[in-house]
Amino acid sequence: MSDIGDWFRSIPAITRYWFAATVAVPLVGKLGLISPAYFFLWPEAFLYRFQIWRPITATFFFPVGPGTGFLYLVNLYFLYQYSTRLETGAFDGRPADYLFMLLFNWICIVLLMIPLIMSVLYVWAQLNRDMIVSFWFGTRFKACYLPWVILGFNYIIGGSVINELIGNLVGHLYFFLMFRYPMDLGGRNFLSTPQFLYRWLPSRRGGVSGFGVPPASMRRAADQNGGGGRHNWGQGFRLGDQ
């Protein structure tokens, strides 16, 4: 048991709480301790009965059953792998920025579990887009294609792609507004982490910052100052690596 405890404590903080809730909430419903009906996001119950917990529990709940158990485990694996990699890679030392990304995606996604996981995976794939990843049966391709490969994979094992498609679209929205548009295209920065999150989760020295190739005007200014070039947002990983 100590090995499991050590492994659990080794998970970065935000991913650890997210992972634990995504295990605990479906388990409570599966064991019948609380009716699963209390976990779903029903607008009537939220708006008129003031059941304010539903937006949160709906994010962590998955109706685990004979036909959905494998799909749940696959998405739980994706949550652990890619949230950990983002939190310890691109967002290393900046927990407030990572939490803000999750909150932004959570609101855009209408508070559902699988799309939120897919949005995180999509952001990781874009930040490591040229890294070669391995998937099932030894297939290899660039990381930027991984969200769409998983979309097809989940369609085969689950029969629907709506959740995965929503997650990819929201992940692209965050990636474009936070990184691509302001830093690569020189546009306005529409997203910024609120200051209260920095006060709650202060950044740690030595974290990674920056992304992409700056716009031409910024590159010229950086070259004049003796700097410039592409910033490093962490290394890529192969699917299934620890």
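Glycine too: its Cβ is placed from the backbone N, Cα and C atoms.
A TrEMBL annotation is a machine prediction, not a hand-curated record.
Under the heading region 'Disordered', TrEMBL lists 220-242.
What TrEMBL records for 17-40 (among others) is transmembrane segment.
Residues or ranges marked as transmembrane segment in TrEMBL: 60-80 (among others).
Annotated transmembrane segment per TrEMBL: 100-125 (among others), in sequence order. Counting residues 6+ beyond its ends, the transmembrane segment (100-125) has Cβ neighbours under 8 Å at 14, 18, 22, 41, 55-56, 58-62, 75, 78-79, 82-83, 85-86, 89-91, 143-147, 150-151, 163-164, 166-168, 170-175, 178, 191, 193-194, 197 in the same chain.
What TrEMBL lists as transmembrane segment is 145-177 (among others). For the transmembrane segment (145-177), same-chain residues at least 6 beyond its ends with a Cβ under 8 Å from one of its own Cβ atoms are 68, 70-71, 74-75, 78, 101, 104-105, 108-109, 112, 114-123, 125-127, 133, 135-136, 139, 190-191, 239.
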